[in-house]
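Asker: Have a look at this one.
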Amino acid sequence: MTNCKGRSTITKTNSKVHDREGFVNWTISLSTVQSDKFLNLLLSMVPVVYQINQDERHKKVNGVWQDGLQPAGHNYNVKSDQHVEYHHFSEQTFHGSNGHSPSSCSPKYDDFSSYNYCDGMDASETDAMLQEDNISSDSNEDIIVEGIRKQPKESSSIMALQILVPFLLAGFGTVTAGMVLDIVQHWDVFKNVTEVFILVPALLGLKGNLEMTLASRLSTAVNIGKMDSPIEKWNLIIGNLALKQVQATVVGFLAAVAAVILGWIPEGKYSFSHSILLCSSSVATAFIASLLQGIIMVGVIVGSKKTGINPDNVATPIAASFGDLITLAILAWISQGLYTCLETYYYVSPLVGAFFLALTPMGIVIAAKHPATRTVLHSGWEPVITAMIISSIGGLILDTTVSDPNLVGIVVYTPVINGIGGNLVAIQASRISTYLHLHSIPGELPEEAKGCYYPCRTYYGTGVNNKSAQVLLLLVIPGHLIFLYTIHLMKSGHTSLTPIFIAVYLFAALLQVFTLLWIADWMVHHFWKKGKDPDSFSIPYLTALGDLLGTALLAVGFHFLWLIGDRDGDVGD
């Protein structure tokens, strides 16, 4: 306040705030102000402000602010059918100079999306991404963020139509990848360095570990309004692309190590030159494919937002539309090129691997400069690495099956069944995650989601997630029939389309997706209850399980067909 001589004075205030911090000691230095600004200055000192009309701002009854104003420290989540806006205040100002520095994991939930996932739990990727970190330094200006948004209402028919086109695109992409794999399996590198087959599911699984996770995370960010600001949008995009390149390089290297170990265990044979070739091929493929797919993914997300399409329905399948084809083509080309140089130019392979590994620090520096990805450099590796290991086990099954000349027909169908299963379960996981972000806070489940999870609960009901599970399951059989007929028309593969083969294949595909959607219903809610972001944690596990289940069920199906006499040795060879 100012004294009679116009000099500024210091006002000290002790206030008891009903929050976790107890007593708060504020020391506020006020310069000379005009009388007409005095009321606004007092209002700016209130630690909780609800942005409403100016005339309602002055209402006060019995010491309690009305029409949405709560006492200091009570940051209630307000649900409304209309858009609700919050005034986001600075925690540093709130804590003042009482000696308590604001924690990076302090509880401030101005809306559901800004919940801090590191609140006594493991930090997750969306923890840093979806929080409101951009607090203005001007304490006299209100920063308005959008609050609770309603999930877009969709009928089953609209949902199916939105999913159908990207689903078919993704399916044809996996069909093309399967035909490419059917061709390249006869190349020298695939014949002499069979561990490359172990790399195939692990590297194709990167779309589930990274691309689909990015797609689901950005889709959630779009639906809850976190990409409305251009600055915030590009911070999310640039930071996450740099982070994704770091993760892709590390996972590619670890996938090669896993392939070397899993390839060595059955026969006990080890080749150092082959190990270097695997590492270089894997790292280079992961880096290049991840960069290309990441750019495509960002374009899809931004385009979906501008056209009004729900990105949850289209982003994840489009992320996989050309992902398998791009990754497999790059892997085959690089590995074959390095293999031809193995004898004459032996130094080319280690130089290629060293070059892409040397780019990792640059990606770390870029990612560390963005608040959205800084914390993820120290966390979020668990699901990515675990999913890579699960996919590598599926690759070992594929390598073992392909080594049997009677079962080589499995090659063309493996990317198809794995890709389709992963696409469908990623859509469901992304939709459930968006629903939870809009209707609950991490650590707390909605009432309808509590209890034991069983298949009937996943597929029977009138909830939006029940309907999406039904739609996705109904797409399995007609979708795979289209893809099987496409493979038949292209005269690819080593298996003819007999009725018994179609029945066995469709049963394996249906069982895979049925199991994955059931697991997804439990897993997404499980991670949400644990306070972990399901966009970052569930999708890598689910797509990896899709690879493992698809490859295993397909291998069992081909063994069954061979036992009952449905045998085709060289169809389309």
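In case you wondered, yes, glycine gets a Cβ from its N, Cα and C as well.
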Asker: Are SER496 and THR220 co-located with respect to the membrane, according to Swiss-Prot's topological domains?
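Answerer: No, Swiss-Prot places THR220 and SER496 on opposite sides of the membrane.
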Asker: Can the transmembrane segment (407-427) be said to touch the transmembrane segment (163-183) if we require at least 3 CB pairs below 8 Å and skip pairs under 6 apart in sequence?
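Answerer: Yes, the stretches contact each other.
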Asker: Would you kindly list the residues that approach the transmembrane segment (470-490) from elsewhere in its chain, counting only those six or more residues past its ends and only Cβ-Cβ distances under 8 Å?
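Answerer: Tertiary neighbours of the transmembrane segment (470-490) are 156, 159-160, 163-164, 167-168, 171-172, 174-175, 178-179, 412-413, 416-417, 420, 424, 427-428, 459, 497, 502, 505-506, 509-510, 513-514, 517.
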Asker: Given pairs 6 or more apart, does the transmembrane segment (196-216) have at least three Cβ pairs under 8 Å with the transmembrane segment (544-564)?
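Answerer: In contact, yes.
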Asker: What average pLDDT is reported by the model for the topological domain 'Cytoplasmic' (335-347)?
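Answerer: PLDDT averaged over the stretch: 90.
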Asker: With CB pairs under 8 Å as the measure, which of the listed stretches 283-303, 348-368, 544-564 comes out on top against the transmembrane segment (377-397)?
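Answerer: Looking only at 283-303, 348-368, 544-564, the most contacts with the transmembrane segment (377-397) come from 544-564.
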Asker: Which sequence-distant residues neighbour the topological domain 'Cytoplasmic' (267-282)? Criterion: at least 6 residues beyond either end, Cβ under 8 Å.
Answerer: 189, 193, 195-196, 199, 202-203, 252-253, 255-257, 259-260, 331, 334-335, 338-339, 342, 346, 349-350, 352-353, 356
Asker: With pairs restricted to those 6 or more apart in sequence, evaluate whether the transmembrane segment (348-368) and the transmembrane segment (246-266) have 3+ C-beta pairs under 8 Å.
Answerer: yes
